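What follows is a single structure, written as structure tokens, with notes after it.
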Amino acid sequence: MEQIHWVRHRWQQLVAAESGRGRYSAPDAVPTKSSPKLHSAQLTGKRRTVIARHGPYQHEYDSVSKGCQGNGIRTTKYSLLSFIPMNLFQQFHRVANLYFLFLVMLNWVPVVEAFQKEITMIPLVVVLIVIAIKDALEDYRRYRFDQKVNNNIATIYSKKQQTYVDQRWQDVRVGDFVRLSCNEIIPADMLLLYSSDLHGVCYIETANLDGETNLKQRQVVRDLPQGSELTPENFHSRIECENPNNDLSRFRGYMEHPSNARVGLHNDNLLLRSCTIRNTETIIGIVVYAGHETKAMKNNSGPRYKRSKLERRMNMDILWSVVLLVIMCLTAAIGHGLWLRNLEEASFLIPDTTSPALAGFYLFWTMIIVLQVLIPVSLYVSIEIVKLGQIFFIQNDVDFYNEYLDSRIQCRALNITEDLGQIQYVFSDKTGTLTENKMVFRRCTIAGVEYPHEENARRLEVYKQEDDEAMGRSHTLKSRASAKSLSCKSLSCNRSSVSLHTLTGHSEGEGEETPSPTLPRHSAFSSPMEKDVVPDPFLVQKLNCLSSPLFLLADASMELTYIVDFFMALAICNTVVVSSPNQPRHNRIGVSRTPLKSLEDIKMLFQRFSLPRFSTLSPPHTTESTRSFTEHGSWKGAWSGLENSNGAQDLPCELGADELIYEAESPDEAALVHAARAYHCTLRGHSLERLLVELPGMGNLAVRLLHILPFDSTRKRMSVVVRHPLTKQVVVYTKGADSVIMDLAESPKGAEQSESRQGHIREQTQKHLDNYAREGLRTLCIAKRVQTSTEYEVWLKRHAFAETSIENREELLLESAQRLETNLTLLGATGIVDRLQEEVPETIEALQRAGVKVWVLTGDKQETAINIACACKLLRSTDHLLTANCGSKEACKALLLELRAEMECGEAAEGTSGFTLVVDGRTLEFALQEDLKGDFLELSRCCRAVICCRSTPLQKSQVVRLVQDQLQVMTLAIGDGANDVSMIQVADVGIGISGQEGMQAVMSSDFAISRFKHLRKLLLVHGHWCYTRLANMILYFFYKNVMYVNLLFWYQFFCGFSGSVMTNSWVLIFFNLLFTSVPPLLYGILDKDVSADTLIKLPELYKSGQNSKAYLTSTFWLTMLDAIYQSLVCFFVPYFAYAGSDADMLSFGSPINASSLLIILLHQVIESRTLTWLHALLLMGSALFYFSFTLVFSVVCVTCSPPNNPLGVDKLQMSQPLFYGVCALTTMLALLPRFLFQALHNSICPSDTVKAALMDQLNPDDYCRRMQRWNQTQAQSKTRSLVINVEDSDIKVPDPDFRLPSELKEGSATTGSLLS
């Protein structure tokens, strides 16, 4: 099928990723939310050599750059000369057009000719012209867009003029030096060689690639001189890199200097095409990929097209229509041969030497031409038009509009709208999909001591109440698009920039103005709720010891070293970009102030921590030991002693003009940095080589940054390697998932007291982590490691080799990182709250009532996932909870069989409404293996819900594919991050949420929404409507084609099977093309069987689509039988009415055509659930158009349809009362069975849809009473075997160590009232 609007989202679907979280790109593993890998890299293993185009190796440039493409892009399909042949070639790839062409060519054969040659060409010519005009308009739009992009101006170095000159983008070549200023868009993929920043840093905005407006940091290639601008003539280095590919998260290569020294190149050195330079005055780069070889263009795949389930079913029924056509033509051919054989001596026959068998063979092909409309070829075009109409109404539904994000639903797949009404399984991510993905620091544990932050919890409750009172609207982040024009005034970046809309194909409004540079910037993850963390008073008191003369006491200093290192890790173990409203990011590093205490004392403190001896720490912190936060007045007052000790150098609590702005790549990072800042452990600056950190009692400290090992889903952690500013030791700070960090944390060797203390810390921390998970908090563990100089030097050599490798670089870097992150010292852990989105419980409950099974696939801990499942009503108090945690494949197999047996035994138990299965990542890995798939699927299909914890992106897609392929069900996957892309693409319907993780999931989805709650109306209302409308329209097309074609077939029994027709060929061709084509389109777009409010209140109505009740095999064949019956009535009533009269063939056909038109139009009236003035207008217009055409045709046409002469036939017929009497009687008799069947069926055994439609007609009071009665009936049918008061023991938990979430216990007490 020809794709409509092929280029609608051409540039908007550049699936991008930005994993440059550190000094090298993350290993090529399964993508994470912050380091996505949306397409598999297409690497060939070959390399590309790049040398300067105007450098000292110009004589080699042509040979080296041979084969490299220019920077001009061309997305058009055609040129002026190639349009007609190429367009025709592409259109004839469609089977429908080939069918038309075959009929046209067949009609040119004299022995099988049925109509005039020109007439049979009309349908094909009309279709070809309409599609050609559409394709021409779309291609012209692409041409204008290409010209707009190619004619953008960039500053390129000219050898002839010895300076940088303005050139068009399309003139840029590989090896060119390009100089860009602030706010300019990058024209090609370039290697960063120079930055005006003193530290060699450049900031880019990737909004055109992934929708993220928070800035990314890029750095100049290592060892290149900085300070003075690069001179192209003096660039003597060669660049070896990988061939062009579509992996945006990785770049591998090295730069070889004339001295043969090699410097590794990675993703942080690469500036991608279409990104925007921000907050950097000038940069210079050398082009390595241009035009269609750039990574952005390699990912430019155009809109998504899928074939819907309904369309696949329709294709099978079209094959049945073909079979029916062949049977009818064979019948006519055999009948014609027999008729000729019996009338060989008839005097009225023209003598012919053709044998009856050969004549029958010829007639077979003649009948193919005559009965051609039996194949509903126009149905394909009609479906495309109807789906565009459905998409228009979905996109303009105001209920999908998000005011805060200024976004609405996006329909990116144009031909699967009806699949929304047949979904049986929903696979959902948790973070950012069910939750806000607004990470807020809640509490922490340090050195085994828990700090509950009770006042901070009360602060969050206040924010929650404020959000609930905001007129039902969600308290989400302001549109990050408001930050797309960032201030560069301090950098003299006054150069006008190319609009971001240039690359998305949209024009800006003429009156649009650039935001004032003085306006405050809005950064991601920086709402007041996220920033304003209230410190724990007890922890504040301990930190105040840094300002006390007694802080070197053993007991205090040992615990204090943990605390200081903990907050040091929170502040610096990240890739946060630091700035202030009036100061650019790269100037945040200043001269550190003199520490406020003796550095020797502080140095002793940290040296003591590095030794393997520990003193007795404080006992675990309890609620009783912490006074209410209000007793201290405020958290500002709690710091008064510390501030007074700092004298004039203290840090004010209200920063005022010196307010810092943190731009993080993930909400977790931002939450931890804001938490550290609340305790005055403030990250003041973040540059390429050093960090500026302010610690309480110490002032500003410059920390040398040696390496950043970015987060990836394989290691599940990130680390920074720094040289401690006081001890000068190499320290590794690591944060990551507790399941990983706890295994890497080991006790120091050679000190019994140290081992005992570390064991105590690990034990207490694990208890606190379990408690955090039960509260639904996201947990991260913090650890450190002190390296000796020898250990660091050995590691550094191996790491340098890994960085300069091209082959297997990711594997080598992964090994290097894992080698460093061992024998860690556990510092503590954090608990971060991620609040549930609004109306998530109601949405999940509605989906489950609709018969949709909801699975949650998340990477979080098991306890956290279960807690969220309880909160969103996925897990109910009456559910049996089945957990699967295994350490081996054999144990997994045994456990699956055991759980299956337990389920069979518990199915008849009282007080249960179903089973919920919880599987961890390791068990899921075993369960997805070939020999265990069946057992896992058999167990999970019987569960009401399934929760997969600690699952990787690959496992998510494997689970979706397993259910989809093995159970043959319709699946939907929904997520918000790049780690959800794989399952979104595998599912039948993929939905992306435009949340805080960029646009990666959106760009890979079929539909994009802003909140999970929108899924409710999208499926239950629009999905139901789209499926019902399209299914009924398809059946109607089959009906009207079979009904009309059978009229021609019945006539063959009375004309010797000669292939003659009782109507003129013009009416025959136009009957389906013009007279009956428009009403079904309106039927497919606007028909509404049940109102939206009723569909929302009664989700059970959605089950009709799941069971394909509108388009069953029985429904199709009943429709065919009804069409055959109506054709019999439509033919034989006029036949008997005109029997014995002098009516000729065309006079006999006139009432048959008129009656068939009225029957077909009124049949649609009977089937329609909605009749408006627009329906009436089109139905009456179609009838008037037919009668007007035939009347005018019979008056003016003399030789239009040889050998017949229709002149005056219809005019005469329409002037006789018999004509109208026959039409009325025929129409009534033909439609009477259909009308009576509908009336009796809807009265005796009405479907749920019919009942709901009747409820829509009631007055409001009766409607409410009927709705309550319906819901009570549904609830009683589900709870007949339920015990109202369910005890905690009713919930079966296989794991004895598993603790029941508090929500389950609380929910059981209220179950009775809820069910009643």
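Just so you know, glycine gets a Cβ as well, placed from its N, Cα and C.
As recorded in TrEMBL, the features of this protein are as follows:
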ACT_SITE  D429  active site, 4-aspartylphosphate intermediate
BINDING   D429, K430, T431, E669, F711, K735, R778, T858, G859, D860, R950, K956, N979, D980  ATP binding site
COMPBIAS  1294-1306  compositional bias 'Basic and acidic residues'
DOMAIN    1002-1246  domain 'P-type ATPase C-terminal'
REGION    502-527  region 'Disordered'
REGION    1294-1316  region 'Disordered'
TRANSMEM  96-115  transmembrane segment
TRANSMEM  318-339  transmembrane segment
TRANSMEM  359-381  transmembrane segment
TRANSMEM  1051-1075  transmembrane segment
TRANSMEM  1116-1139  transmembrane segment
TRANSMEM  1145-1162  transmembrane segment
TRANSMEM  1174-1198  transmembrane segment
TRANSMEM  1218-1237  transmembrane segment
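Counting only same-chain residues 6+ beyond the ends of the transmembrane segment (318-339), those with a CB under 8 A from a CB of the stretch are 356-357, 359-361, 363-365, 367-368, 371, 374-376, 1038, 1041-1042, 1045, 1049, 1052-1053, 1056-1059, 1116, 1120. All protein chains considered, the CB of N979 (ATP binding site) has 29 other CB atoms within 10 Å. Listed as Cβ neighbours of the transmembrane segment (1145-1162) (distance under 8 Å, sequence separation of 6 or more from its ends, same chain) are residues 1039-1040, 1043-1044, 1047, 1060-1064, 1067, 1071, 1075-1076, 1079, 1126-1127, 1130-1131, 1133-1135, 1137-1138, 1179, 1182-1183, 1186-1187, 1190, 1204, 1206, 1209-1210, 1212-1214, 1219, 1222-1223, 1226-1227, 1230-1231. Across the annotated binding residues for ATP (D429, K430, T431, E669, F711, K735, R778, T858, G859, D860, R950, K956, N979, D980), the two most widely spaced Cα atoms sit 25 Å apart. A Cβ distance under 8 Å defines the sequence-distant neighbours of the transmembrane segment (1218-1237), meaning residues of its chain 6+ beyond its ends; these are 1122, 1125-1126, 1129-1130, 1133-1134, 1137-1138, 1150-1151, 1154-1155, 1158-1159, 1162-1163, 1166.
Counting every protein chain shown, the Cβ of T431 (ATP binding site) has 27 other Cβ atoms within 10 Å. Model confidence over the domain 'P-type ATPase C-terminal' (1002-1246) stands at 89, taken as the mean pLDDT rounded to a whole number.
Sequence-distant contacts of the transmembrane segment (1116-1139) (same chain, at least 6 residues past either end, Cβ-Cβ under 8 Å): 317, 320, 324, 1035, 1038-1040, 1042-1044, 1046-1047, 1050-1051, 1054, 1147-1148, 1151-1152, 1155-1156, 1159, 1163, 1218, 1221-1222, 1225-1226, 1229-1231, 1233-1234.
Around R778 (ATP binding site), the same-chain residues at least 6 positions away in sequence with a Cβ under 8 Å from its Cβ are T431, M439, D668, G831, I832, V833, D834, D860, T864. A straight line from the CA of G859 (ATP binding site) to the CA of D429 (active site, 4-aspartylphosphate intermediate) spans 9 Å. Other C-beta atoms found within 10 angstroms of the C-beta of R950 (ATP binding site) number 22, with every protein chain shown included. Listed in sequence order, the residues of the same chain lying 6 or more apart from D429 (active site, 4-aspartylphosphate intermediate) and placing their CB within less than 8 Å of its CB are V856, L857, T858, K956, I974, G975, D976, G977, N979, D980.
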